[in-house]
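The structure appears right after this line, and notes come after that.
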Amino acid sequence: MARLDPHSYNDSTQPETETLDWRARVDFKTQRLHAEVTHTLKEASAGPLDLDTRDLEIRDVVDAAGRPLPYILSPSEPILGSRLRIELPVGLRQFTVRYRTAPHASALQWLTPSQTAGGKHPFLYSQCQAIHARSVVPLQDTPRIRIRYTASLRIPKALKAVMAASFLRREEHGVEAEEHYEMPQPVPPYLLAFAVGSLAPKELGPRSRVWAEPELLEDAAEEFSGVDDMLRAAESLFGPYDWERFDLLTMPPSFPYGGMENPRLTFLTPTLITGDKSLVNVVAHELAHSWTGNLVTNASAEHFWLNEGFTVFAERRILEVLEGPEVSALHGALGRRALDSALQHFRAHPQLTSLRTHLAGVDPDEAFSQIPYEKGYLLLRAMEDAAGRPAFDEFLRRYLATYRFRALTTEEFVAFAEKELPGVLTKVDAEAYLHRPGVPPGAPSPRSLRLEAMDALRGKVPTPEQAKDWTPAEWQLYLESLPWDLPRDVIQQLDARFSLTESRNSEVLVAWLVVALRAGWEPAVARTETFLGEVGRMKYLKPLYGVLSASHAHRSLARALFKKHGERYHPIARQGVELILSRA
Ligand code: BES
Ligand code: ZN
């Protein structure tokens, strides 16, 4: 037996699935998918085959002729879920599992009409990264095993089903519609994704359209109108785009992430719609995953930095092409600040602060932090500085060409980098980034003129003249560098001058609310309350619930707000907030 991924029951001595055919009926009344999935193996085989499942009710397992196959569903384990062991008779290549999902399936969020912008129709979506695909489909839920698939979703006729795959056709039968999709390129299971709701499309360019609830469509299309330029900038850096289309889906506000790089259909939080395109770096980030992550994939959550560190690096290179080096340096500076606060947060778990982690017995959602993103970025920046940009660009291109449609480990990355850029890893002390806690002393520090101008301010309230050209990123940076013991009258002055409590940019707003709440400034409380009732993005829930529950005066408010709104958050976000409240 060999388990190569600590988060999967997959046994690498067993046969692998090559393709899936998944058919599901979406039942909004019972909040279940009634589904069946046919696995076709890479080769005919015999003996036990272990699949990952979580909270699935298995009806039966049958062969291609409909004859039942023996199986055992083991009791659920806390992180991995239940192992489904199927006994394959000699020569079998195909089998079907019939099952239904649980209303609390960890990958799914079922929204009532009142939780949507239109208020008339329900909404359903999936979020499978890192290990939630198993709560939707029984499969080998490890990114080492890539699958092609076809899928069909039966839904109420008034709704539209979209998938991170290529659309084939829609059929209507009575009160239901059935939408058919196909993913011809092999993808890791965490990239399986779909959404069902009242959705309409608008074209953004030859390869892109945006989907949103009709009420949000125009604003979304305006905000993301630069996507085609972005696609071309990315191709100029990383080579041809391999996924044919780059469509965007504007999610309901409870979506727990800023963005999710589902292939052909990136999912985006509606909090990016600010009216001024100031948060489109998230789109650049998800687009960059089309190369780093979706083509070249981390072998398990222990090598997550290979997905995210490379993608942050690629995101900032795209920003540099589109908006110039100053803007990308500012984002680098914001990233460094996020890294320092993540290191502080994980100070009791230094083993989780190296890039290469060891996660047996650790839930990847709990290990999640900005560290693989920003420490990974710093390692790649250090390598770029040491090798020189032309050589590093060449290295990147060879890395992408060598590992495309494959998964790799940190150890394979090291061997590849040593061969391709001899001496560079030693020169930058890559060991320290990969295997030791904290940030190595010689790490690059993003520099920019605008940054230095801001540093000179050092926590003082800027005059309207000084701040008149500040971008939201600069505001965020300024707010995040304010000292913890800021007197309340400074807070009051800042809000009176710059109306920060009314900011439409959620990054600025949350940075502001954290500062104001920390200083015990009461007018921030009401805005925090409404915000926590509207938005379910974990990046915001965590600091806001964190700062409320850290204060004596607001701890019970934090609990009350969670009690009131917790049901409206995605299961993954709910779990994250519960953890914060339980530690308070
Ligand atoms: N793939 C991640 C989101 C994710 C990570 C989901 C781990 C589940 C488990 C996505 O690409 C991401 O990093 N999103 C960021 C965007 C940011 C770094 C620009 C986010 O959601 O904030
Ligand atoms: Zn990412």
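Keep in mind that glycine also has a Cβ here, set from the backbone N, Cα and C atoms.
Annotated Zn(2+)-binding residues in TrEMBL are HIS285, HIS289, and among GLU308, GLU320 the one listed with them is GLU308. The Cβ of GLN129 (peptide binding site) lies under 8 Å from the Cβ of TYR190, LEU191, MET260, each on the same chain and at least six residues away in sequence. Counting residue by residue with DSSP, the domain 'Peptidase M1 leukotriene A4 hydrolase/aminopeptidase C-terminal' (448-581) contains 100 helix, 0 strand, 34 coil.
The subset of binding-site residues (GLN127, TYR257, GLY259, GLU261, MET538) lying with their Cα within 10 Å of the Cα of HIS285 (Zn(2+) binding site) consists of GLY259, GLU261, given in sequence order. Reported as a whole number, the C-alpha separation between MET538 (peptide binding site) and TYR373 (active site, proton donor) equals 16 Å. Sequence-distant neighbours of HIS289 (Zn(2+) binding site): residues of the same chain at least 6 apart with a C-beta under 8 Å from its C-beta are GLU261, ASN307, THR311.
All protein chains considered, the CB of TYR257 (peptide binding site) has 21 other CB atoms within 10 Å. When the Cα of GLU286 (active site, proton acceptor) is compared against those of the recorded positions GLY259, GLU308, TYR373, the shortest separation belongs to GLY259. Straight-line distance linking the Cα atoms of TYR373 (active site, proton donor) and TYR257 (peptide binding site), rounded to a whole number, equals 14 Å.
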